[in-house]
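Working notes for the structure below.
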Amino acid sequence: MSPESKKLFNIIILGVAFMFMFTAFQTCGNVAQTVIRSLNSTDFHGSGYTSMAIIYGVFSASNLITPSVVAIIGPQLSMFASGLFYSMYIAVFIQPLPWSFYTASVFIGIAAAESDRRTVFIALTVISLVGTVLFFLIRQPDSENVLGEDESSDDQDLEVNESAQSTMGKAVDAFKKSLKLCVTKEMLLLSITTAYTGLELTFFSGVYGTCIGAVNKFGTEEKSLIGLSGIFIGIGEILGGSLFGLLSKNNRFGRNPVVLLGILVHFIAFYLIFLNMPGDAPIAPVEGTDSSAYIKSSKEVAIFCSFLLGLGDSCFNTQLLSILGFLYSEDSAPAFAVFKFVQSICAAVAFFYSNYLLLHWQLLVMVILGFFGTISFFSVEWAAAAIVARGSDYRSI
């Protein structure tokens, strides 16, 4: 297999593996609070919001050491171990106990009948494990330095020792670079935008589906609407990723218009959700809520808002990844580690306060942070455009 074919093969395997793994995990996260809330009438007592807060809290801390871990054990084993922890978390839902539920939430950072719930989560666990096993199909790239036949064993041992020292050195350097990047002007400004993506990630991946499932005025379809909401969030993500990711090379106007579109789409979604959903929907009991919204709650509006949430999220993520890749092309791994650190810790905070805040307060927090996050992104993008004007080809980024 040629080097080019091997790279393409690895990309396809990675795509399929992550598709399986995150299809299972995102589905699990989307229904976690609803499922756990339905179990609280039994001997089990827990919170899906608290579980996700633990996941993203540990995930945020882990991101700073991730480049070092990958440098030591390699990307293949790192992804395989991560896949096992994802699968373990999903498997806990088959027969949840509070201690195992929250313990699995720690490891992953680094409303149906009993039989139906078990069937669903057994299937999700299997799907996640299939994706995890696929990582073993990844082909190692060809080594550029092949030992000659005439080299002595002493020379080979020397090279092994130097390689081990080099690996540890890379691990330490990667950790130091992550810490240094945290305090650069550009990263501090982008951290405000990244923090907003953490809050809205929490909202569309965990809170909004719970709100839909809690509205009794949706009738007997309220629980099935959670799955439909997830589908339309995915459609919005795919559409936005295709338009603003794959077609970004032909964009002559930079990243700011896409981010502006993203925040406007989100503001429209937040306003419609504010009008369409009861304020106590995120923290409603297992029986749901009969409270009235400002307008008659509409299933169609709720699903349309799901699409808008996914579309707006794709606008922010494609442009954040693009500008990070441009500004930190030489230090991409530490830069993306800082990005995930900030996003994850804000997601953890948002999942925690989702246990207590009414819907309109959660929306207000996202509106305020989204506004300032957009302004900070604009300032970094204008500075990046100035760099391009001095010699780089901006449209190729």
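Residue 1 is the first one shown; counting continues down the chain.
Backbone N, Cα and C atoms are what each Cβ position is placed from, and that goes for glycine too.
All annotation found in TrEMBL is predicted automatically rather than curated by experts.
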Range among 203-224, 225-246, 313-334 that TrEMBL annotates as transmembrane segment: 225-246
Contact yes or no, the transmembrane segment (359-389) and the transmembrane segment (225-246), 3+ Cβ pairs under 8 Å, gap 6+: no
